[in-house]
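S.K.: Sharing a structure, written as structure tokens. Questions coming.
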Amino acid sequence: MESGVRILSLLILLHNSLASESEESRLIKHLFTSYDQKARPSKGLDDVVPVTLKLTLTNLIDLNEKEETLTTNVWVQIAWNDDRLVWNVTDYGGIGFVPVPHDIMWLPDIVLENNIDGNFEVAYYANVLVYNTGYIYWLPPAIFRSTCNIEITYFPFDWQNCSLVFRSKTYSANEIDLQLVTDDETGLPFDQVDIDREAFTENGEWAIMHRPARKILNPKYSKEDLRYQEIVFNLIIQRKPLFYIINIIVPCVLISFLVVLVYFLPAKAGGQKCTVSISVLLAQTVFLFLIAQMVPETSLSVPLIGKYLMFVMFVSTLIVLSCVIVLNVSLRSPSTHNLSTKVKHMLLEVLPQFLHLRVEPCDEGEETPRERRRSSLGIMLKAEEYVLKKPRSELMFERQRERHGMRREPDGYRADGFDVGVTTTLYRNLAQCAPEIKDCVDACNFITQNTKEQNRTGSEMENWILIGKVLDVLCFWVALPLFVLGTLAIFLMGHFNTAPEHPF
């Protein structure tokens, strides 16, 4: 009994499906028996067929700045009315709409005008829905690669305005009227790109700020021209700069800051200073090359990060130049340059006070630590002179009597055992009688004068080294504010470059 009921139920379902299929087939046969897909759905030649468009964005795939190409995944909704495709629902089993293949229908030939790959049509030709009232609804999906003029002035803090331009490639404004779809809630044209919230995938690099849509009539063309009317869908997108900040800007700023630290090296280490500065300069050149690979090859504008790299390269070049000058100053000597009093006063007295730098210049009349070390030579020479003038026997038995408790010399005697007057007379007689001793005295005087000259030369060379140190500090306090203020000024321009509040 149960098996019979099941068989009966299956037969009823099969009959209903066959009846429904036959009704749909009969309807399609009825509609398209005398249908001419090449003819416009208009009653007269002068009638204009309204065609509505709507764009639904499901994914902003990519914006290639180098190729100036926008890749999007969209659904293109196209609708119009065809009075030839009208039927009574009750005559065909209550069928209110029927899907039909696109190749047997009249289509308005709406294409993406600003495509980049020569593919003007959609990616997949879906079936067309035909309603009993003559309303035609077509929703084909597409992956469009369209052109987008890239403005790189504020890269990577930029925003772009990319557009998708649709027009008919067959019919002029006298034959079809392109319109935006009407919003069911407001009754006004839906003047923006729709976003499918369930299927939409957020892009990791770009944020959609505005998505307006509008119809544009080009008055410089006539209505017979296909370029007279077009529907433009705009995508105003703002770049998310975090990737570029972490991977390009921060390393570039840190490496560029190293060039300022060369002033902490000794003034005489000019070779190391130039090596560090030129190394940083080469690193900045590498960053500039990386930026050139990301942006389009255009001479209309320079990207913001490119401006910054040019700025720090200019500062680095100035620092290398200053290091060369400081090295030249630090290695000067009295034989090549004369240190004037005005220069010494300005660079070793006035300028250090302005820089809050403690500098003690070396004067010729003052005895520096180096001079004190050199003066020991004179003491040794005097000691040798004293030893040479005394007989060895006197040196051996000097103060012998005092050690054995005998009387001391009178107050008129010096500690070395000679009477002052007798010693003077003895020296005078020795000078007259011994030319060799006079030559020794002259040699000692020559050594003394030479030592003083060396001390004067050394003092002046130390002053040149101090001047180099002062110039290093001065250049540091000039380069550091220049670097910091230039960095802030350039990147703040990009920070305040945001998409407009209103698209138009």
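Glycine too: its Cβ is placed from the backbone N, Cα and C atoms.
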S.K.: Please indicate whether the topological domain of GLU65 in Swiss-Prot carries the same name as that of GLN293, placing both on the same side of the membrane.
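M.R.: Checking Swiss-Prot: the two residues are co-localised relative to the membrane.
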S.K.: From the list ASN88, ASN338, pick out the residue that Swiss-Prot labels N-linked glycosylation site.
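M.R.: Record lookup in Swiss-Prot returns N-linked glycosylation site for ASN88.
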S.K.: Pick from ASN161, ASN455: which one does Swiss-Prot list as N-linked glycosylation site?
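M.R.: That would be ASN161, per the N-linked glycosylation site annotation in Swiss-Prot.
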S.K.: Quick one: Swiss-Prot says CYS162 makes a disulfide with which of CYS148, CYS252?
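M.R.: According to Swiss-Prot, the disulfide partner of CYS162 among CYS148, CYS252 is CYS148.
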S.K.: Mind checking which residues of the chain, 6+ beyond the ends of the topological domain 'Cytoplasmic' (266-273), have their Cβ under 8 Å from one of its Cβ atoms?
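M.R.: Same-chain contacts beyond the flanks: 320, 323-324, 326-327, 329-331, 465, 468-469, 471-472.
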S.K.: Take the topological domain 'Extracellular' (498-504) and find every residue of the same chain, 6 or more past its ends, with a Cβ under 8 Å from one of its Cβ atoms.
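M.R.: For the topological domain 'Extracellular' (498-504), the sequence-distant neighbours (Cβ-Cβ under 8 Å, at least 6 residues beyond its ends) are 159, 209-210, 212, 214, 234, 236-238.
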S.K.: So if I exclude everything within five residues of the ends of the transmembrane segment (474-497), which remaining residues of that chain have a CB under 8 angstroms from its CBs? That is, six or more out.
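M.R.: Residues packing against the transmembrane segment (474-497) from afar: 154, 156-159, 241, 249, 253, 256-257, 260, 263-264, 304, 307-308, 311-312, 315, 318-319, 322, 326, 351, 355.
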S.K.: Say we define neighbours as other CB atoms within 10 Å of the CB. Which of the glycosylation sites ASN88, ASN161 has the fewest?
M.R.: ASN88
S.K.: So what's the mean pLDDT when you look at the topological domain 'Cytoplasmic' (266-273)?
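M.R.: Taking every residue in the topological domain 'Cytoplasmic' (266-273) and averaging pLDDT yields 75.
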S.K.: Within the same chain, where does the topological domain 'Extracellular' (293-307) have neighbours whose Cβ lies under 8 angstroms from its own Cβ atoms, ignoring anything closer than 6 residues to its ends? I mean 6 or more beyond.
M.R.: 65-68, 150-158, 244, 248-249, 252, 490-491, 493-494
